[in-house]
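Report on one structure; see the data block that follows.
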Amino acid sequence: MANVNKKTKNEKTKDVVDEKSPGFFQKLFAWVIIPLLFVIAILLVIAQFTNTNVFEKATEVLPNNSEEEAKGSEEMEKKIVELKAEIQEKDAQIEKLQKELDDALAENENQKAIQEQLQQKIQELESGQEEAKKDLKEIVSTYEKMPAKAVAPIIVQMSDEQAVEILSNMKPETLSAVLAKMDPKDAARYTELLSTKENRSSNS
């Protein structure tokens, strides 16, 4: 019973203490808001005596966000214009280099085509030369089978170039026999022409 009474007494004491203890908002009001209002009141009184517009001063102190934003936007637009100009310049350079590359490739292809045409022509000439040599060899072989007495007058009727070409491809013994059946003047002339041809071949 004594314990119960003691507990009840303690609870009442606690309730009284709780009622007397100030709350958070009361502390905030007492320690922050009231002093702040007091300071503001003093500043307003001072401003009144000094003819100072507190609100204008506050406006001057606070940063002008609109001006800064406008300035930042202007700088950004300027940067964008510069970047666009730089990109266009790079595009122009790339286009120029691409054109030079295309021209070089086209020229290379043209040179390659010309080279192929020349190579084909050389092959055709070489093939024709082989055919001509073959035909000449057959003609010479035909003359070599004929009597020297019959070949000599035929050779004399040819142009010097044709005659020398045939005589230079004859076997030495056949050539001697044909020259022996010619007029001495003709034989001497062909001998000189054959010697000149041989010297040219040796020098080349």
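In case you wondered, yes, glycine gets a Cβ from its N, Cα and C as well.
Here TrEMBL flags 28-47 as transmembrane segment. Taken from TrEMBL, the feature coiled coil applies to 66-142. Residues or ranges marked as domain 'Magnesium transporter MgtE intracellular' in TrEMBL: 144-195.
The DSSP breakdown of the domain 'Magnesium transporter MgtE intracellular' (144-195), given as helix, strand and coil counts, is 42 helix, 0 strand, 10 coil.
When averaged over the domain 'Magnesium transporter MgtE intracellular' (144-195), pLDDT in the model lands at 93.
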